[in-house]
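Worksheet: one structure, shown below.
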């Protein structure tokens, strides 16, 4: 195993040059160039050769090995004689991949998208550098393949697709062994972990151990968007069982075939895992992903002040939504400071919905003075409607009819203080009964009723219920008091989107703002007008949050750092773009967006006195950097997929 992560070092004269930067412009330029890990640009020492090097995706270059390297690594004759450039390799790969041209927006219903996932995954298995070179160069096309929506289909079929282990699995049967298990991972340094327990994968429910596919997909975007070194990322599955009856009976299922642990037993497994990974890698960042709502908030509150961690479903989704909501205000031709005046109907009171509500209320309250009165006033701008999806099977009836497994949409409607057994997280957003009555509404009122009576500026969907924004609901939104109402159909994957852009524009009108969680095509409105479909995907924020935290060396990930990330994304679009209804950038700009977001996170960490520095850049030197220097520091610490020169050294 190579000690590659520890070999990359910036110049030892870095600090001296930094101290000269205020008095010597030339030194400033030199110092800026020195803010780098030089990832992949220095010779890498490896402790393997011959077929072993060709079978290692971290170091394999395939036909791109030079003749000198082939001699040095004992692989002359093990490859075809023609030495190819990385560009030629990609061209050959793309010829094969293009034979499966497909519209990825059809997501899980499209088997060709899964075929593309398989081909890309095989490339990932044999040549990691080339895989990320392809992904970065074609991010707009392939992000929907390695991430949502296609990754959902990959997770559903993961037991059948499994060929080569990727990541680590900590199960309920490993209790008491996790501290030693972490040392089975070969990398000496891990910067980023994405962990899931598979209990709520996208909007697809409990997929058990198969949910590791979402952790792998997220980390692919950390590498492609944020330039996290792929040798320093680790996808993790916490297998505490599954309550998916189909998986419990499937002889090919790869996970524990027992019902999920709960209560203190469940917490004990997570506690042991967190202690183990932070013992081996004290500076790692852990992103929690797709935990069911009942645990998402509890685990976040349990760990966030002790470890460098965050929950993307709660905090990342909230940040992206806040950026979009602020963008919608700008699209109305109003300043962002008018955000507290927006009336918002939220469909969905799960972890994502409550996360957005909390973040939006904090944002409004800060704009109103950040006091108790401001929080109360902000809370009155939200109307929350609960809807959830459950699986059911009718085993028998008086007519002796057996019905197959079906999905039932269970509507609970408007949440008021009158509701029994209300979730504690949703309680702050429950409407007072008298307030609802004055609006002509009651406990449990339907979504259409709420929209019709409230006449909101924004209809925000985080329900994971496909088609929830029915024709009746969208017709009701036509009565909005806003000159440009906004519709956010944010649920993933594509089939769970609350509505399509075609439905929204055709029913509500051409002047709306539309955003979704999964990718859709823009809508041709005729007469040369385009209805823009904005993808409000978490990929715009979580890579930058992770990278900014890493480079700042912050001890925790604070609310201020998350808010800075969201406001950076909101401000990224130009005034001309937002007035056209474009509130989120194109995926093709993801690397630049991530750089800006990471810089904003670093700056906020410095201002909150949380930054402790990264490698040679200590906290004192970080505080001296200007905005431009912070951005340069971030840019030069982003890994790029370039083949390093390999040098063999006997272990």
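Any Cβ shown, glycine's included, is placed from N, Cα and C.
In sequence order, 217, 218, 220, 221, 539 are the residues near residue 147 (active site, proton donor), counting only same-chain partners six or more apart with C-beta under 8 A. Marked as active site, proton donor by TrEMBL: 147.
Residues or ranges marked as active site, proton acceptor by TrEMBL: 218. Cβ contacts within 10 Å of residue 218 (active site, proton acceptor), excluding its own Cβ and spanning all protein chains shown: 28.
Residues or ranges marked as (S)-malate binding site in TrEMBL: 200, 492, 537. Cβ neighbours within 10 Å of residue 537 ((S)-malate binding site), excluding its own Cβ and spanning all shown chains: 26.
Positions annotated as divalent metal cation binding site by TrEMBL: 289, 290, 313. There are 26 other Cβ atoms within 10 Å of the Cβ belonging to residue 313 (divalent metal cation binding site).
Among the features that TrEMBL reports, domain 'Malic enzyme N-terminal' is placed at 124-304.
Among the features that TrEMBL reports, domain 'Malic enzyme NAD-binding' is placed at 314-606.
Residues 200, 492, 537 are the ones the record ties to (S)-malate, and the longest Cα gap between any two of them is 17 Å. When the binding-site residues 289, 290, 313 are compared by Cα distance to residue 200 ((S)-malate binding site), the shortest distance belongs to 290. The Cβ centroid of 289, 290, 313 marks the divalent metal cation site; residues of that chain outside this set whose Cβ lies within 8 Å of it are 196, 200, 201, 214, 288, 291, 296, 311, 312, given in sequence order. For residue 492 ((S)-malate binding site), the same-chain residues that are 6 or more apart in sequence and have a Cβ closer than 8 Å to its Cβ are 148, 149, 152, 202, 203, 464, 517, 518. Looking at residue 313 (divalent metal cation binding site) and residue 537 ((S)-malate binding site), their Cα atoms lie 11 Å from each other.
For residue 290 (divalent metal cation binding site), the same-chain residues lying six or more positions away in sequence with a CB closer than 8 A to its CB are 196, 197, 198, 199, 200, 201, 202, 211, 214, 313.
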